Amino acid sequence: MGSRRFDAEVYARRLALAAAATADAGLAGLVITPGYDLCYLIGSRAETFERLTALVLPAAGAPAVVLPRLELAALKQSAAAELGLRVCDWVDGDDPYGLVSAVLGGAPVATAVTDSMPALHMLPLADALGVLPVLATDVLRRLRMVKEETEIDALRKAGAAIDRVHARVPEFLVPGRTEADVAADIAEAIVAEGHSEVAFVIVGSGPHGADPHHGYSDRELREGDIVVVDIGGTYGPGYHSDSTRTYSIGEPDSDVAQSYSMLQRAQRAAFEAIRPGVTAEQVDAAARDVLAEAGLAEYFVHRTGHGIGLCVHEEPYIVAGNDLVLVPGMAFSIEPGIYFPGRWGARIEDIVIVTEDGAVSVNNCPHELIVVPVS
């Protein structure tokens with residue numbers, strides 16, 4: 001399952017880079033409340049409550065953690081102590097927003113906050129800072145979008161773990177069992193194969209496969225069903241796996257096999273289009289063009305991919321209109337799908353990492369339509 005966080009040196013480097021990016025943006029500091037950004041910067045998995053917990057990161061100066069005194073024990077699970085971060089604890093009746101302002105040098109001060117900060121903290125913080133904060137998305141997104149070697153290693157291990165789960169899926173796909181039965185087996189396997197927890201399980205059989213985000217239900221599997229299985233878990237220091245394969249219970253009809261072969265070609269075309277200097281929308285177009293030529297464009301109803309890391313869905317998004325230029329270290333899914341309402345659907349998904357001259361996949365289980373024999 002891996003360590004729950006990285007060594008302190010990793011977080012120290014990230015804090016320094018975030019402070020530099022903050023200064024480059026002309027801001028006095030960042031205020032990071034619990035969420036993926038806080039986990040990225042100091043390895044904290046704190047949750048947002050009505051009491052303010054925040055990492056305050058000045059563009060120049062020492063960072064500090066402002067948090068309720070009752071949360072001091074939980075802070076020890078992060079890298080804060082090893083990093084030597086100043087702790088500004090407070091008790092009920094104190095003004096935590098004033099503490100944040102003081103760390104940043106007093107109001108008024110131009111500050112960025114994470115997009116996960118709730119209004120119950122944003123509004124009093126704006127009063128304390130004397131100016132409405134801006135979102136820190138642009139400051140932090142580049143850091144999180146380009147993965148370090150430690151992150152890539154975690155994604156590779158997560159990918160290998162989810163491959164092992166897919167290798168076990170055929171044994172679960174027995175006619176007469178429900179999607180929920182299969183999902184329960186898969187969830188157990190996700191943890192058994194090395195994840196710390198289950199992120200999601202989609203088991204879409206027959207017509208349910210035409211709903212990309214179906215989930216699972218009490219529908220019983222039947223011979224002839226095409227089954228979309230999209231699964232993911234959390235590995236080690238919070239990094240995710242996410243992989244989709246499509247299964248056929250018994251031999252598929254010829255029209256299913258033909259359409260699926262076009263989907264394979266589309267997924268391969270997108271993968272082969274990836275290299276530094278290419279834009280995200282060009283990768284999306286590579287998959288979409290193959291399906292359009294096959295007369296299947298109207299059945300591909302979502303983007304080709306999404307970034308992945310601490311969050312299952314994060315930047316970069318592989319979608320039409322996104323002119324973001326790909327660089328080595330970016331990690332994202334390639335997952336074209338075709339969906340025939342009321343009939344069946346199919347999707348193939350791998351997580352890939354941009355390299356100096358192309359891309360590598362962290363998933364290596366078969367891309368073919370996987371036929372599950374019926375006894």
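In case you wondered, yes, glycine gets a Cβ from its N, Cα and C as well.
For Asp230, Asp242, Glu349, the entry in Swiss-Prot reads Mn(2+) 2 binding site. According to DSSP, Asp242 (Mn(2+) 2 binding site) is assigned to coil rather than to any helix or strand. For Asp242 (Mn(2+) 2 binding site), the same-chain residues that are 6 or more apart in sequence and have a Cβ closer than 8 Å to its Cβ are Ile162, Ala199, Asp230, Ile231, Gly232, Ile308, Val312, Ser333, Glu349, Ile351.
According to Swiss-Prot, the Mn(2+) 1 binding site annotation covers Asp242, His306, Glu335, Glu349.
Residues annotated as transmembrane segment in Swiss-Prot: 15-35 (among others).
According to Swiss-Prot, the transmembrane segment annotation covers 55-75 (among others), on the basis of sequence analysis.
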- Query: Excluding Asp242, His306, Glu335, Glu349, which residues of the same chain place their Cβ within 8 Å of the centroid of the Cβ atoms of the recorded Mn(2+) 1 site?
  - Reply: Asp230, Ser243, Thr244, Gly305, Ile308, Phe332, Ser333, Ile334, Asp350, Ile351
- For Glu335 (Mn(2+) 1 binding site), which DSSP three-state class applies? coil
- Item | Which same-chain residues, if any, lie at least 6 apart from Glu335 (Mn(2+) 1 binding site) yet have Cβ under 8 Å of it | Thr244, Gln267, Thr304, Gly305, Arg347, Ile348, Glu349, Asp350
- Query: 10 Å Cβ neighbour count around His306 (Mn(2+) 1 binding site)?
  - Reply: 22
- Message: Using the CB centroid of Asp230, Asp242, Glu349 as the Mn(2+) 2 site centre, which other residues of the same chain sit with their CB within 8 A?
- Response: Ile202, Ile231, Gly232, Ser243, Thr244, Ser333, Glu335, Arg347
